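Asks: Dropping the structure in here first, questions after.
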Amino acid sequence: MAAASRARVAYLLRQLQRAACQCPTHSHTYSQAPGLSPSGKTTDYAFEMAVSNIRYGAGVTKEVGMDLQNMGAKNVCLMTDKNLSKLPPVQVAMDSLVKNGIPFTVYDNVRVEPTDASFMEAIEFAQKGAFDAYVAVGGGSTMDTCMAANLYASSPHSDFLDYVSAPIGKGKPVSVPLKPLIAVPTTSGTGSETTGVAIFDYEHLKVKIGIASRAIKPTLGLIDPLHTLHMPARVVANSGFDVLCHALESYTTLPYHLRSPCPSNPITRPAYQGSNPISDIWAIHALRIVAKYLKRAVRNPDDLEARSHMHLASAFAGIGFGNAGVHLCHGMSYPISGLVKTYKAKDYNVDHPLVPHGLSVVLTSPAVFTFTAQMFPERHLETAEILGADTRTARIQDAGLVLADTLRKFLFDLDVDDGLAAVGYSKADIPALVKGTLPQERVTKLAPRPQSEEDLAALFEASMKLY
């Protein structure tokens, strides 16, 4: 393009930005200088994209030994869980390490839906092992546990709560160098191979909380679609719901230039920064894949095409939400999982009650997006259309209802439990669920619409039944 043409394009873009509608209901412009939030705090003016290197391909796990050899690794920790330790993904990884002469030790005591206690057990193992590299083979629980182990083994004098997000922890920035970590995801949901977030149940308060820092993200993610063929149908579905909500929430988070406070130093800019032009691309692309392939992936265990696309969608959504963030569906999901009573999800071989993360997230989605659509309704309507809604005659003020109805149909078609009541909760549990949501300000403050305790209670009540 000639210089004159480039200058003309730049001029036109500036004019469009200056003329952009400033109404918060109809505008989502990113061309904002620092300003003030409603609380009076200075808002941010920049966003930063951080993502792990990723390698995709059927059978790519067999390269992990060569990668570690190239890194000069001499003492590797391979983390997984007891169920997966008996399955092909772990065996393929171990065979590659053996073939390439990499000494390694297996830690297979990862807990599905980890707790602070299970994190600390893995951390102690890592500290004693003095490992110079890590391999995490598993779902989000394994990858999150491995990230935490790597962090605290690299910072052995730190207190456990030092890096845990506020208000429960101190939320200190990570300034120590970590060891290389290669993530091999075996589910299509969390996107942890691309993010610097490790989530766990803090049992003392019965809430989920996390460690969030770009510094802890895996060095490399090996996305091998062959690993998806071992997943039972409900694991595929619940993992896919996590992808769905990652995409929807990151696309509808508060824009980065409206988030406060503005950091005084780049190291304190949070991993979750609000929606931005780059995260938007990944979120929308992931959502289109979910709309096209999730039902196929659930219904046909041999549909490698559908399961391969969902494996990529997990990473794509991870890149999006790993930088933009999520909001109410995830913030409210943590007490839903953490306060579980007796519910045990189908297809999960665990010895404790379990509401899988993806299920806990999606059960509130119709209520949440009805609530948030007052802000940026055009984005809510756009996502409803991607998921199959006919929006040609829809009114912009009905965007939340349209998206909620579209989600209900999508979930009904995939045999999702009929709301929180179906997984063991009642109206009597709402105060505890609200209390468990309040510490999740790391994500809830990114919701496009502020929420009171009364709002949260109403959202939980509306989520007791879906259909």
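Using N, Cα and C of the backbone, Cβ positions are placed for all residues, glycine too.
Pulled these from Swiss-Prot:
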MOD_RES   K445  N6-acetyllysine
MOD_RES   S452  phosphoserine
Asks: Rank the modified residues K445, S452 by how many other Cβ atoms lie within 10 Å of each Cβ and give me the one with the fewest.
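Replies: Comparing Cβ neighbours within 10 Å for the modified residues K445, S452, S452 has the fewest.
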Asks: Expressed to the nearest Å, what is the distance separating the residue listed as 'N6-acetyllysine' and the residue listed as 'phosphoserine' at their Cα atoms?
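Replies: About 11 Å separates the two Cα atoms.
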Asks: For S452 (phosphoserine), name the DSSP secondary structure in the helix/strand/coil scheme.
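Replies: S452 (phosphoserine) sits in coil per DSSP, no helix or strand.
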Asks: What does DSSP say about K445 (N6-acetyllysine): helix, strand or coil?
Replies: coil
